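Chemist: This is the structure I have questions about; it appears just below.
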Amino acid sequence: MTHDHSPTLLTRPMVMPLLDEHARLLPPVTRRIIARSALSYAILWLVGIILILSGTGRIQMLGAGLLVPGGAHFAHGHIAFGVVALAAVAVAVLLWWMVGAFVAPFIVWGIDLAWSVAMASGHHHDDTALAVLPTVVPAVVALAAIAHGLRHRRRLETAARTNHVLSARPVEVTRVPSRAVLPVGEATPEDLARLRLAFDLALQPIDRFDGFDRRDQFREAALRYQLSILGYTLSTYRYNYAPAFSGYLAEAGARSIQKMSDRRVWGYWALENAWGRMKPGRDPVDNTDNIMLTGWQGVSVGMFESLEDDRFSQPGAITYRWSDTESYANDFHSLAVSIEGNMRRSPYTLYSCEPRWIYPVCNTFGVNTLVLHDRLHGTNMFAGLEEAIRRAYLEEFHRPDGRIIGVRSETLGISWSPWSGDGVWLPTTYWMHAALPDLAHRSWQLMRENVLRHDGERFHLPRTLANRCDAGSYSFGRDTFGQIMLAMAAREIGDEEVASNVLDHLDHHEPIQTINEATTFTQTSTQGNLYSLMARFGRHSGLRDLIGHGAQSTWHGGPRLGDASYPDVLVARAVNDGAALECVLYPGAGARRVKLTIDRAQPHRTYRVRGAHESQACADTDGTFLLTIDLGGRTELKVEPQL
């Protein structure tokens, strides 16, 4: 691939936000929610104590079971049953986290209570166990608090050391746009072979999902994520390589959005809303959660519209169909309104994906949707929330040492360190760059200084289990997915040394296959392959420009490559300066003669043509004309007004 870096970057000095060396043990909102959770358990604990002290037989066992899952079994002396009950509740909590089933722990705990109380008659009760049980949960909580306090102290010490580095290192952040003239690169034949995966996925019939990974529709491998990333990939390529090409590139982008309306993609929400919020509604947009759909699709729609097509802002343009008689009509505006409303309602500002679980990475998509909608439709959604969003990320979703807190329970306030790994940190850094560039640069600086390794040949992440997981297929053992995320973030932030090194290593060492002229990484998920295209076709501040600025003004006028047949014609470059069109084309199905449609020309204007059979062409009343080209290899086409 070629990257045109000749236009001078427009930058401004940035004060790197320092880490909070005096952060409290718990941030404000989290502290209130944990206190509320503790009070709720304290009431339950008190009821359990009263039942144990005042009752006999089944009443005592009910009290023991309320103190801790499996408590009645332990009181009976049935240790194995008690361990099974505890494990079952733990699995139910895991299920709640994975698919939003908030009712699962209560159902399991309730079944255990009913069973243990029913079995209480005739069993010996261990008075020692009844005396010890009330101390179990308080002791566990106390130990967890001590451990958290020790970790917190270490992180504050890390923050103090890190701030010396951050404060001594000046940082320049790009303006929006990052250049007076946005660069448009030229794809190589190898790039185009890679890109064909995206076209083949998007241009199949709307109701087909050939080539997509089908695991589940709840977690990271879900179709909604693959479709959204497909849309981002196509918009990224169009923005950085072919802004003057509509045709099958625009059609592919539109289909990636339209496919999201298929019930197989969004139908998971009916279940999650039922078992997570105890609500019967199926509407995937008009609810208090589900930023994992509204935010992700909102960015895809906003990127698409930024490239001169507002069809999905028309009322009902995004209609989620449950059946022939039930559907939910939405559009870009309703997606943004849902996100804004939920952010204003949430005590954290950031809000849930699965019911009651908040992921800051998913919320970056919600934030970017608001930025896109504000720019395209003159609203003030992000500006009205910017201070609260920034405070939420800094206080509630960053550890004192600067790492992202990957998930937090809206209901309990808890999080856990394993979900603060590099696989969460990198995409959050990438997607944060558009709206919160100072936080993105700080994250990258911390990643570069404290996490990245260089073995003399390549940059790589630590060999942790999480960094060797492909989130698009849940497979373990290879670091490819993490390396792709590393390259994507590095290129966006402007660390081309890391980005080029990582992508070059992947291209030369990762197993590939070519099927129907489309080249992919064989041992990487569809999602991972699509992300690799975003890294390949990205550039420094490319995402920031696309979201915050959109199309360059000169791209809005002048002739455009309006139509070409796929895969016969592959477009490696297409750009205009408001008057003339320049394209670089390759054959995609062997050498052949092809027809091209040029549109958006001035009606009845004559144009001089180079690279086609015609040396000149006159636009009709609609501003279109046809050209004939013999494609046998790299072919340059230029169309300019005849003086």
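Placed from the backbone N, Cα and C atoms, the Cβ positions cover glycine too.
Curation plays no part in TrEMBL annotations; they are all automatic predictions.
Computed from a predicted structure; not experimentally measured.
Straight from TrEMBL, here's the annotation block:
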TRANSMEM  38-59  transmembrane segment
TRANSMEM  79-99  transmembrane segment
TRANSMEM  106-123  transmembrane segment
TRANSMEM  129-147  transmembrane segment
DOMAIN    224-525  domain 'Linalool dehydratase/isomerase'
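Surface or core, plus neighbours and distances: that's what I need for these features.
Modeler: Non-local neighbours of the transmembrane segment (38-59) in the same chain are 65-67, 71, 117-118, 120-121, 125, 130, 133-134, 137-138, 141; each lies 6+ residues outside the stretch with a CB under 8 Å from one of its CB atoms.
Long-range neighbours of the transmembrane segment (106-123) within the same chain, counting only residues 6 or more positions beyond its ends whose Cβ lies under 8 Å from a Cβ of the stretch, are 57-58, 60-62, 64-66, 69-73, 76, 81, 85, 88-89, 91-92.
Sequence-distant contacts of the transmembrane segment (129-147) (same chain, at least 6 residues past either end, Cβ-Cβ under 8 Å): 38, 41, 45, 48-49, 52, 60, 64, 67-68, 71, 74-75, 77.
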Chemist: In the predicted model, what is the mean pLDDT computed over the domain 'Linalool dehydratase/isomerase' (224-525)?
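Modeler: Taking every residue of the domain 'Linalool dehydratase/isomerase' (224-525) together, the mean pLDDT is 97.
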